[in-house]
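Per Swiss-Prot, the features are as follows:
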type: TRANSMEM; residues: 36-56; note: transmembrane segment
type: TRANSMEM; residues: 89-109; note: transmembrane segment
type: TRANSMEM; residues: 140-160; note: transmembrane segment
type: TRANSMEM; residues: 178-198; note: transmembrane segment
type: TRANSMEM; residues: 242-262; note: transmembrane segment
type: TRANSMEM; residues: 328-348; note: transmembrane segment
type: TRANSMEM; residues: 371-391; note: transmembrane segment
type: TRANSMEM; residues: 405-425; note: transmembrane segment
type: TRANSMEM; residues: 462-482; note: transmembrane segment
type: TRANSMEM; residues: 488-508; note: transmembrane segment
type: TRANSMEM; residues: 519-539; note: transmembrane segment
type: TRANSMEM; residues: 556-576; note: transmembrane segment
Amino acid sequence: MTDMIMPLTLILIFAVLSYPLLKPKSYSKSNNSFQAWNAVHVSFLISLIPLTMMLYKESDHVVMCWSWMNTQAFNVDLSFKFDYYSVTFTSIALFITWSILEFASWYMASYPQKELFYKYLLLFLMSMIILVTANNLFQLFIGWEGVGIMSFLLIGWWFGRTEANTASLQAVIYNRMGDIGFILTLAWMAMYLNSWDIQQIFILSKDFDMTIPQIGLIIAATGKSAQFTLHPWLPSAMEGPTPVSALLHSSTMVVAGIFLLIRLHPIMETNKLAPTICLCLGALTTLFAATCALTQNDIKKIVAFSTSSQLGLMMVAIGLNQPHLAFFHICTHAFFKAMLFLCSGAIIHSLNNEQDIRKMGGTYHTLPMTTNYLTIGKMALMGTPFLAGFFSKDAILEAMTTSHLNAWALTLTLIATSFTAVYSFRMIYLVCLGSPRHKTYETIDENHIPTNTIQRLAWGSIIAGLIISYTMIPLKTPILTMPIYLKLAAILVTLLGIILGLEISTLANKINKNTTPGIPFHFSISLIFFPILHRLIPMRKLFMGESAATKIEKSWSELFGPCGIAFTLMTVATFVKDHRMASIKSYLAVFLTSIILKMMMLKLYT
């Protein structure tokens, strides 16, 4: 019975989500977004059926629908895997997309082609559902590329803006670099394992050295989840509309790389190299992104860098061989990250598209509900006890402090945790507190549509961590006893960050405006000089190409081209003229020579 209900619910979800996509364009003035977010709402209610059955029976189900390709040595089947990861994530993604689409009906109300915008968001969601429910790598790759192309279309939605076009191209290019690793893994498994089925890969991989495909998977996750070296596209992605940023950063594209490593983690847990790379890469990413967020003044860019920092923390959990903790943090992070972006969008919309936090302030009086939800989201991000982020973040840090694996990675992660509290409190202080520093606008009225939507996500940011912690079965026995200083390490560094953030925010108002920023400020504001380094290589390539073209055009081309021929003819003519050889014998000799050459050419080509 369960084997029938699971695929039927997935088919029903896709059918409901496809209805707004197949519906022809409506020219009426009615709210076209109602059908989109209502379809997602119904799909979310349907997804609760397999989630309830999964929590009740606690068993995985693999359903094969039909065979795509069948040869003597290689088969590709369309199959779906219904386990705790896929069923839980599908419900969370539908819930968050429902809230985001409802928010978009208010945020994008005055924009043309908003109906197409809702369809793009639905396709974005459907691609992610295909990715998380796939049971073979080829099917997973379809969802992988689906979220990639939809992110390109949505980030560049305002195609009249140069920054949006640049950001969309940047996202595609960096993700193509990550796709090289995925394709390398697909090719290796096709050559040596003769299968892309995930269950068969787990069985067959025990007899092979899986270092090469593991490195390929890490490269793929580095590109898609914006880890260090392939990260610059993620802060730029906030050039898209706020609903796009909320969906992309919370429950779709950026977590696809982490989910790929979670899904294929059994082939990595016995290898020492791959988890070590994940651990060090995640620690470096989380500290780097937190450092960059300290000096940013764009409200959306601060939230974007916090996403990159939390993705690094998820990568650390995978490096600790704790993929269930990484998935736990994906689920809790999705709620408060979507809420933070929607709160930021509501504030920007209310302040006439102002995004600089230095020009805000006093929103606690003008936007009390939005400000309260923003504060809850930031507290959940910091890991405040008993909010959603605390349960997952504290579990990862406890596993880190008791792992005895890498003191360097532990130190970087704890520093990044402290920096998270610093930039979170700085944002709350500059946006919500104090007196307004923006221009005087019309009376700001909090619309019930965005506040109700954000309130729904706020409840998730409060209780989701507790609920998921009771339903998730850990893959390893958790640490039950530890020294008190290790138990309190996460809370202590967070409190230290709050104190430091308060001190920095108060001192910033006393600093002379003419003070020249130092190297640490430029180091942070310029994203650790990565844009400079990434531009340096293309600039050198263009310069070398220009130099080569100039040399060829002005030297070799003219030497053997028009200038060379003209110089040769002039030399011959001058020689004939100077030596007075202009006689009938000379003319006859030249004439006969020309005829002989012509006959030889005709003989050669006939």
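Along the chain as shown, the residues are counted starting at 1.
The backbone N, Cα and C atoms fix where each Cβ goes, glycine too.
Here the structure is a predicted model, which means the values were calculated and not measured.
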Check your understanding: Honestly, do the transmembrane segment (328-348) and the transmembrane segment (89-109) touch, with at least three Cβ pairs under 8 Å and pairs 6 or more apart in sequence?
Key -> yes
Check your understanding: Does the transmembrane segment (242-262) make contact with the transmembrane segment (89-109) through 3 or more Cβ pairs under 8 Å, each pair 6 or more apart in sequence?
Key -> yes
Exercise for review: Could you tell me what the rest of the chain brings near the transmembrane segment (36-56), counting residues at least six beyond its ends with Cβ under 8 Å?
Suggested key: 2, 5-6, 9-10, 12-13, 16-17, 19-20, 82-84, 87-88, 90-91, 94-95, 97-98, 101-102, 104-105, 118-119, 121-122, 125, 471
**Study point:** Tertiary contacts of the transmembrane segment (371-391), as residues 6+ beyond its ends and Cβ separation under 8 Å
**Key:** 306, 310, 328, 332-333, 335-337, 339-340, 343-344, 347, 363-364, 417, 420-421, 424-425, 427-428, 431-432, 451, 454-455, 457-458, 460-466, 468-469, 490-491, 494, 497-498
